[in-house]
Every structure is written in C-alpha cells, then in structure tokens.
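Read through the structure below, which is laid out as structure tokens, and then see the notes.
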Amino acid sequence: MNGSSSSLILKTLKLKNPKLLLLESCSTLSHLKIIHGHMIRTHIIFDVFAASRLIAFCIDSTLKTSSLLDYATRLFSQIENPNLFIYNALIRGYSASEIPHKSFHFYTQLQRLDLFPDNITFPFLVKSCTQLGSVAMGTQAHGHIIKHGFQLDVYIQNSLVHMYATFGDIKAASHIFHRINRLDVVSWTSMIAGYNKCGDVHSARQLFDRMPEKNLVTWSIMISGYARNNHFEKAVELFQVLQSEGVRANETVMVSVISSCAHLGALELGEKVHDYVVRNNITMNLILGTALVDLYARCGSIEKAIRVFEELPERDALSWTTLIAGLAMHGYAKRALEYFSEMVKTGLTPRDITFTAVLSACSHGGMVERGFKIFESMKRDYGLEPRLEHYGCMVDLLGRAGKLAEAEKFVHEMPMKPNAPIWGALLGACRIHKNAEIGEKVGKILIQLQPEHSGYYVLLSNLYARANKWENVATMRKIMREKGVKKPPGYSLIEMDGKIHNFTMGDKTHPEIKKIEEMWDEILRKIRLAGYTGNTADALFDIDEEEKESALNRHSEKLAIAFGIMKTKARSPIRIVKNLRVCEDCHTATKLISKVFERELIVRDRNRFHHFKGGACSCIDFW
DNA sequence: GTAGGGTTAG
C-alpha cells in the first residue's frame, strides 16, 4: 500500500491525523494495524460506522490481492452491535474466498439478531451457493429470496440465473431469465454463459444475436463458449465479427481466440492474432502469455514457442508446464527435461500436470530410467501423490520402450484400479511391438470395460492384423457390427491463406475435390516408384466392403496433403492437424512424400507431432 | 445520515 491509499482510508474513516500519512512503504496489514490502534486509542472503534469502514476496507483488499479476511473477521468479533452493512461485507468477502460456506454462518447470525437481509445480501449469498456447488443451499437461498420479497430484483435474478446454470439446471435458469422484467446486459450474458456451459452453443448464439446491446464480457463469453465446446472455427469467426464492429478486445477474449487457433493448428491465423495483441497494446498477463506459448507449440512451431516463452514478462508453473508439454509433443525429450530442471532452479514448485508433461517427454524419448527417477521424486521431493494419469504415463513409457511384460506387471501392481486409458496405453504398446499375446488379454479387458468405445476394437483388430490373425480380425468386425460400434470419423485440417480446410475420409464435399484426387493419384504414382506398396495391416480394418480400393487412399490426411502440395509453393512446409492417431499406412506414405517431393510435413495427431523430412519421421516410427 | 452488488481466460 502507498501513502495515498492510506490517506484514503483515513479520509473515509474521518480521521485527520497527518502523521499517519508519513508511513509509506509499509504493507497493507501494518498500515491497517496502525489505523486500528489509533481508532482504539481514540475510541472511534466504538462508532459502528467507522468500524464498518475499516472492515469494508479489509474485504475490498481481500477481493484484490492480499487476504485480510481473517483480520476483518477478528475486527467483527470485537464489535458489539454489528449492523447489516458489516454482515453484508463479510458475506461478500467469504463468497469470493476459498471457504464460501462461512457466508452462511454470518447469514444465520444476522437473522438471529433480528436484522433483515437486503438486496445486497442475496447476490453474495447466492454466489456462495454457486461457488460451493450446493444445490440444497441454493434452493434454500432461493426460498429466502422469495420470502423476503426480492424475487424481482434484477441483480438477484441474475445471480440466480448464474447459479442454476452452474448447477447444470438450465431449465431453472431460463425459467428465471424469462421472468426478468427489465433484462440488462448481465441477464443476457449470464443466460448465454449458462447455455454455453451446458454445451448448447446454438441457443447461446441465438440469445447473443437477439440481445440489444453487448459488452466485452458478452463477446468474451460467447467466444470462449465456442472454444470450450470445440467450435474453434466459430470462435475465430466471431472474433472477426467483433473486429468488424470496431470493438477492441481485451486479454480474456484474446486467450479464447488464441486457444482456438492453437487447437486448429492454424499458424498463420495465430500469428495474425498475436500481431493484434501487440498492435492493440493488450496487456501480456500470465494467462495470455501461456496461451501464446501453447499456440506456437500446437501449431508445430516449437522454436517460436520457446522464443515467446523466453520473452514473457512473467512466468508461473503453468507457463513452464505448457512449454515442457509442447516440447514433449514434439519429441524433444532432452530439452523438455532441461527446462524442467531450470524451472525447479527458479524456485517454482512443479504441479502434478508438470509431471504429466515431463513423464510424457520421457516416454516419447524412450528414457525409461530417467522417467522412473522422476516418477519416484514426485512423491519423495514434492509430496505429490501420483494420480491415474501419471501411472498411465509410466505404462506408456515402459510399453513404448518395448518392456511389455514389465508394463503389464506395473498395471497389475499399481495401488489404484487401472482405468480404460491405462489399459489403452498398454494395448497401444502391444500393437507397436506386435505382441498379440498380452494385447489380446488387454483388449478383452478393455472391451468389457468400455464396450461402446470404438478405439479399442480398432486397436485390437489392428493388432490381430499385424500378427496375421485374420480370423480374429473378422470376428472383431463382426462384433462391432453387431453392437453398432462405429469408428468416429477421422478428419484432417489444413490452413491455407488463413482459411481452414477440413477433410474427412472419402470426403467429396470440397469444391476442388476432383483436382485433389487427381493430385493424390499423381503422388501415389511417384511414391510407388520410391517403394510404397500400400497398406497391409491397419487400413484393412478401416475399409468398407464396397470401397476396398479407394478407402485406403482417401484417408483424410492424404487428401489434406494432396491439397497442400497442390496449393503451396515448392519446398514450403505443409502443416496438418488430425483428430485421431495417424495410421501406419499414412505414416509410411507421408515419409516417402517428404522425400520424393522434398517437403517438410508437420503433422499433429491426437498424441504428438510428426515432423516428416527427407523420408524419415521425428517419432522414429515409435508412435 | 452514512457505504456495498451479478457475468469472462492457460
């Protein structure tokens, strides 16, 4: 705190001791203690109004940074006849704290003193219920609101809309929304946020388009709603509308837009957005900076991600973790570990997601021993209990390195019940290392565990195919058909001049599909000369009976690659984002394309990056 | 006689 805020307190407290103003460069707390002491000596503390100002000051500072909630609570306990203002201040303070249930304590107490809650009390009481996620308390609070006749107060209605939406009770939320007499920006925005929260972006957008005036929070909620519900293109699109309406975005909006570009793998678009941030002088806070690191990492530009990270004005554990995860995705295990030790050296405490990133780096780099050391240090040095996902990393680590028996033993001996992703990691490893024996056991466990999950049938079936057990492949297909399990459609994205092109398998909808298919045929001719023999194992499972021939050659990433080669200058790199894991046939084909066409191809699949160059892939066929 | 409010991001 500085002298001027100290003077502000004194002014509001109606104290006029100029000596106190000299006390600069003290902490807020010591300032407060001095003023408090002064008030005790002068008996001003017995003036409920003065005392309440002091408490309100504590609460206000609590909402900003340093927590003076305890101090406020102690002050409160020394006041003989606290008034409603003081109760409201405390309810407000606790509603934004880690322990919101304490609000209820003050609420009950004020009623016992025959005070009546007012229009200020309820928004914060409702906020506490929302924070706690307590439907029971929320319903009760709603009852009190009606009992005290505040059901038509817009502020209170808005907080109820928000509460019910947070509870996932969108019906209750909209019931209240439709009964608000004079809807304000917050009413609309809260309802839009509610629809977004439950995944109904369509209804959210309808309200968004209908509302009379929007503020930045409204834009932000709609854009982040799209981003959180995986409608990344729509998020970017809406940001462009925002720009065309001459609205200047803030940090929050930019984080959602950047994260959308990151998920799309849209480098060009992402760079433009980054440029917007710089041009518009948007404050580079922790979250925004981290989002940018994530952007470049996910767009395949890991060097740029490192540069942005190095230039960040501030970094926390999450910014470091984001970079480490990015390096891991690219298979840069050594550098990931270097950044990890540097992070520890700066005195930041790694979080459990930091270990997920570090362990996945070890796994992609085949660093088994190192991984185990880090896994052990997690609990020993940082007191972090490994969670399921960390065990998953270890299974992956052992499995990828070919230590399948050890991996299986690890799964059986882990202290918690292995879930599907853990078994899935083991099955994936069995496929890579063609171990049908363990694979079959694991595959059966998985199918029992999640009979509706298509991925496991596909993995198991691919495994049988690679082990030449064709009857089993046929059985798997039969089971899938009987159960109606469908493979989710694979798609590949490629950005061209800031526009995203989306290809799905066998897609005919692209306006230039004919040329693209011709291009692929030409590619096929050339890579065949270089030794491509087409698919043997994985794709066999993917083909439909009718389209045996073409299906294999119409995998979405092949279409995207053909489009990329067609549309870009010779030798310029091609970036592609896939929603599924790259299949073995596409992997082989892409390696050859990188050699024959002298192109760098950067493919992000759901697991990691593959940098294809000169006929080889950065994953060392180890994916 | 007096002050105080609801919605957004890695």
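Just so it is clear, glycine is given a Cβ too, placed from its N, Cα and C backbone atoms.
Feature list (source: TrEMBL):
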type	residues	note
DOMAIN	A:531-623	domain 'DYW'
REPEAT	A:83-117	repeat 'PPR'
REPEAT	A:184-214	repeat 'PPR'
REPEAT	A:215-249	repeat 'PPR'
REPEAT	A:316-350	repeat 'PPR'
For the repeat 'PPR' (A:316-350), sequence-distant contacts whose Cβ falls under 8 Å of one of its Cβ atoms, 6 or more beyond its ends: 286, 289-290, 293-294, 296-298, 300, 302, 305-306, 309, 356-358, 360-362, 364-367, 370, 382, 384, 604, 608-609, 611, 618-619
Stretch-averaged pLDDT - the repeat 'PPR' (A:316-350): 96
Summary of DSSP states over the repeat 'PPR' (A:184-214), given as helix, strand and coil counts: 23 helix, 0 strand, 8 coil
